[in-house]
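Colleague: Pulled these features from TrEMBL for this protein:
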{"type": "ACT_SITE", "residues": "Glu87", "note": "active site, proton acceptor"}
{"type": "BINDING", "residues": "Val170, Val171, Val172, Gly173", "note": "substrate binding site"}
Amino acid sequence: MAELTFRTGTMDTGKSTLALQTNHNHAARGRVGRLFTSHDRAGVAIVSSRLGLSAHAQEVDGAFDFWRYTVEALTQGARIDYMICDEAQFYTPDQIDQLAKVVDELQIDVFCFGILTDFRTRLFPGAARLVELADRTEVLQVEALCWCGKRATHNARTENGVMVTEGEVVVVGDVDPTEQVPAVDDEVEVAYEVLCRQHHRRGLTAARARAVSLSPEPLPFS
Ligand SMILES: Nc1ncnc2c1ncn2[C@@H]1O[C@H](COP(=O)(O)OP(=O)(O)O)[C@@H](O)[C@H]1O
Ligand SMILES: Cc1cn([C@H]2C[C@H](O)[C@@H](COP(=O)(O)O)O2)c(=O)[nH]c1=O
């Protein structure tokens with residue numbers, strides 16, 4: 001029986017790496033698959049991993065219809081045994097419904113990879129639909145760590161180094177500050193940092209924690 005699988009974790013837990021590995025392992029056994037993504041950091045129509053691997057993929061925009069795409073491909077004689085769907089948090093709930101239909105009606109395995117919650121700690125609509133529909137939802141074993149050493153459970157967004165909790169939901173970016181392109185005049189530099197819940201709640205990023213620990217002790221005025 002084909003399955004709809006959702007593999008999730010915070011940013012930087014190896015989801016894209018696992019997506020590419022899954023594709024490699026299935027292809028190595030002669031299975032024929034299709035790779036999909038949406039808004040990858042490396043550009044349009046590409047699945048990229050921080051470990052250096054990348055592969056061409058079909059870009060999924062809001063108008064893309066998985067059901068129609070698959071039926072048309074099969075009708076034209078193509079073979080599809082499985083689908084790998086990276087950055088699935090950006091897919092619409094309707095697109096997740098289409099993927100579930102592809103699994104059930106066409107017996108094609110669908111492996112989805114993506115983060116669960118946005119920088120405000122709210123579920124992405126696509127990820128929420130996946131949790132509702134997937135045969136299996138698995139949290140990746142590689143744990144990203146908060147600066148305090150605890151397991152990171154939340155994705156924080158910073159703008160010019162300051163954590164924010166309001167703004168556009170979709171803003172492509174990375175967690176590695178050394179990889180950030182410096183902001184030009186008037187441009188806001190957006191980055192991400194994974195944090196434990198407590199430090200996300202307090203808005204305490206690594207930089208802020210460092211600044212607080214370096215600041216002189218307040219005088220004990222009563
Ligand atoms: N220089 C490195 N050496 C070893 N592992 C690395 C290195 N850089 C990144 N990684 C691994 O790659 C993971 C991120 O992989 P990636 O597939 O890009 O994550 P995701 O798609 O979840 O954001 C990190 O959790 C880390 O384990
Ligand atoms: C939290 C959050 C993230 N994003 C973007 C930032 C990245 O481009 C991707 C996640 O990619 P990864 O492979 O899991 O590192 O999502 C966003 O647009 N909005 C958010 O709130």
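Sequential numbering from 1, following the chain as shown.
Note: Cβ is positioned from N, Cα and C throughout, glycine not excepted.
Are these features on the surface or tucked inside, and what touches them?
Modeller: Secondary structure at Glu87 (active site, proton acceptor), as computed by DSSP, is coil. Applying an 8 A CB threshold to same-chain residues 6+ apart, the list for Glu87 (active site, proton acceptor) reads Ser16, Thr37, Ser38, His39, Asp40, Phe113, Gly114.
Here the Cβ of Val171 (substrate binding site) has 15 other Cβ atoms within 10 Å, regardless of which shown protein chain they belong to. In the three-state DSSP assignment, the secondary structure recorded for Val171 (substrate binding site) is coil.
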Colleague: With the cut-off set at 10 Å between Cβ atoms, which of these binding-site residues ends up with the most neighbours? Options: Val170, Val172.
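Modeller: Per the Cβ count within 10 Å, the most buried is Val172.
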